[in-house]
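As recorded in TrEMBL:
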BINDING   D19, F20, N21, R34, H57, V58, G59, R60, R116, R149  substrate binding site
BINDING   R34, R116, R149  (2R)-3-phosphoglycerate binding site
BINDING   K199, E303, G329, G330, D331, T332  ATP binding site
Amino acid sequence: MKSVRDVDVKEKRVLLRVDFNVPMEDRKIVDNHRIKKSLTTIKYLLEQKAKIIIATHVGRPEGTIIPSLSTVPIAEELAKLLKHKVYATDHVIHPIVVDQIDKMKPGDILVIGNLRWHSEEEQNLEAFGRELASFADVYVNDAFAVSHRAHASVEAITHYIPSCAGFLLESEITTLKLLLENPERPYVLVLGGAKVKDKTRLIENLASKADSILIGGAVANTFLQASGQDISHSLHEKEMFEACEEMLKKYAEKIQIPQDSVKEDIAGGFRIMDIGPKTREEYSKIVSEAKTVFWNGNMGYSEDEKYSAGTDAMAKAVAGNPNTTVVAGGDTVGYLETHNLTEGINFISTGGGATLQYLAGEPMPGIEALNRDQKSRQL
Ligand code: 3PG
């Protein structure tokens, strides 16, 4: 895979695909973490006096124009962070965009419209990729968080224009590769949140390397049920029951499920809302003794302070571990940010689904596109 460092971008038109899919309320950015993470690449391109055309998706508008998912507020946030003028348009494939690009001078930045306002993006249509490619001389992918999707701005475009990786994409791959191939042991996985399926695929791929796999959050409920425990009305995934049962048998010496829980009583039973004090203590101890930790997914319903003790204990244990610690996922990173604990983490991945898919050893079309023999390009 070529790095942006290895490609001549001096005064060239560069189409930079980023993942600035950031949470917004009333067109205001609530969390600018993902924008900040691509600043290294943008600043490098500015030093090279490139004409920087920035493209991102926002949300899941599925081919319809939803004004609340405009890229314009993102361009404004970027301008503030860079202290540099940033031009913006809500158009993508449009004569206005062609005209704006024609007028760009070296060092100018233009943020184009939300790619997913066009259904061609998610369909990975070659024609859409070719049109995007026609805007620029070089394509840079710095959007690790969407590189698990075969979308036109991530995959099709690379067929038509010299393509390379930005610094954020490179750093994600370097760090996550280490978790896949060469983690220092003891190696601990802490997996919580809501979706069981994402986690079981990752467990299958990493179980042989990991020493302990600590399960929490709603994910733990299906595991608890599979171990024969009563979970009453707790959130769980019925269709994952057998998979969890199998995992518990196969990796009995590695997987740990909560030994106690914080419950909420409801009519006709209860709901599990957080891991209990004994589990907090046990999990924290294992994390503090690890040489490598990967954490994704909160331990309970941490939005409510009554049920945040499990996530808080994990956050403090991971942040307090001086060895290799990697955290991924919006809710988990969000918790660390609001509690000022990010400083203690070695690497915060910008990916959610992408990070889990990479660690599960599954295909990453955006990365494969950059690794493909560039001679196979059609133009
Ligand atoms: C994310 O937020 O994980 C990425 O931007 C990908 O978004 P998607 O799951 O809608 O493809």
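Each position is counted from 1, following the chain as shown.
Placed from the backbone N, Cα and C atoms, the Cβ positions cover glycine too.
No curator has checked TrEMBL annotations; they are predicted automatically.
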When you measure from the Cβ of D19 (substrate binding site), which residues in the chain that are at least 6 apart have a Cβ under 8 Å away? R34, T56, H57, D142, A143, F144, A145, V146, T350
List the other residues in this chain whose Cβ sits within 8 Å of the Cβ centroid of the (2R)-3-phosphoglycerate site residues R34, R116, R149, in sequence order. D19, N21, T56, H57, V58, L115, A143, A145, V146, H151
Whole-Å Cα distance, G59 (substrate binding site) to G330 (ATP binding site), is 14
Quick test of your reading of the structure: among the binding-site residues R116, K199, E303, G329, G330, D331, whose CB sits under 6 A from ligand 1? none
So among N21, R116, R149, all listed as binding-site residues, which is physically nearest to D331 (ATP binding site)? Use the C-alpha atoms. N21
Any further residue of that chain within 8 Å (Cβ to the Cβ centroid of D19, F20, N21, R34, H57, V58, G59, R60, R116, R149) of the recorded substrate site: T56, N114, L115, V146
If you draw a 10 Å sphere around the Cβ of N21 (substrate binding site), how many other Cβ atoms fall inside it, taking every protein chain shown into account? 22
Whose Cβ, among the binding-site residues E303, D331, has more other Cβ atoms within 10 Å than any of the rest? D331
I'd like to confirm something. Which of the binding-site residues, N21, R116, R149, has a Cα closest to the Cα of T332 (ATP binding site)? N21
Given the binding-site residues G59, G329, G330, and counting only Cβ atoms in the protein chains shown, which has the most within 10 Å of its Cβ? G329
Once DSSP output is merged into helix, strand and coil, R116 (substrate binding site) belongs to helix
Given the binding-site residues N21, R116, R149, which one's Cα is the least distant from that of E303 (ATP binding site)? N21
Do me a favour and check the Cα-Cα span between G330 (ATP binding site) and R149 ((2R)-3-phosphoglycerate binding site); whole Å is fine. 18
